Amino acid sequence: MDALVDGNNTEVTGFILLGLTDDQILRIILFMIILCIYLVTIFGNLSTIILIRLSSQLHYPMYFFLSHLAFTDMGLSSSVTPNMLVNFLVERNTISYLGCAIQLGSVVFFGTMECFLLAAMAYDRFMAICSPLLYSTKMSTQVCVQLLVVAYVGGFVNDFSFTICVYSLVFCGPNRVNHFFCDFAPLVKLSCSDITVSTIVPSFTAGSIIVVTVFVIAVSYICILITILKMRSTEGRHRAFSTCASHLTAVTLYYGTITFIYVMPKSCYTTDQNKVISVFYMVVIPMLNPLIYSLRNNEIKGALKRQLARKMFS
């Protein structure tokens, strides 16, 4: 059922996700493409986690955070991709009110986790390049665990604010969500209740997290750049840049897309453009991250070769 009738009021209890397109041929094509992307995402990130766990050469803070980033990417993609694939195959994709809140909560939680982990990885690179003598102390196992706890707590706090605000909304009219998942903005448009508090609280929490994590990343890389420019050795500069290249690429891709979706004025782009960028942010980037880190990281490539050689000769 999509609604419950009570007197003259109709309370919506389910939503219809309109998806990406109504073109049947395009839906089949997109189904095949996104299914392949999702399989590569799961395989790539799961392989990254297993490789880091098995290789003692990768038991360093950067790879500790990278393994959790891989887990986060799998969670973010799995929050929306399976349901999106179903949407391509069925005539009408419905989702319950509870299912919609859970999906939005999962996206917010893993998306927030990614912000904190990218900031923690930037801080790790800052300590490794700017204070190499203090690195083992400043980035001890205890510090890494504390930074990870902060990431999880931040994810839960942001998730809680969004979930509470969604449950405070009343839906008594149209229940067709013009998106491929239960995003917050399309849900707010369908609400027939006062949305003032429901929009201010999530905007404040999400905005604060983005500002704080961007500030940490920006300050870290400014200090890194200053330190690199002071280096006299060309080889030293090249090694320092190469250790940051993968992370900087991941940061640019992730924050570039979320800035386009959540920061830029809505008048700057259409709903269809928002859907395309959301696909890139939630489906494509989780696939690209393991590729970025494996293709540009000699330590990961070396560890992979050693593990493969060990399996072959055993």
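Quick reminder: no glycine exception, Cβ is built from N, Cα and C everywhere.
Automatic, uncurated: that is what TrEMBL annotation is.
What you see is a predicted model, and the numbers here were worked out from it, not measured in a lab.
Feature annotation from TrEMBL assigns transmembrane segment to 25-51, 63-81, 101-123, 144-170, 206-229, 241-264, 276-295. The domain 'G-protein coupled receptors family 1 profile' annotation in TrEMBL covers 44-293.
At the 8 Å Cβ cutoff, the transmembrane segment (63-81) and the transmembrane segment (144-170) share at least 3 close pairs (sequence separation 6 or more) and count as touching. Averaged over the domain 'G-protein coupled receptors family 1 profile' (44-293), the predicted model reaches a pLDDT of 87.
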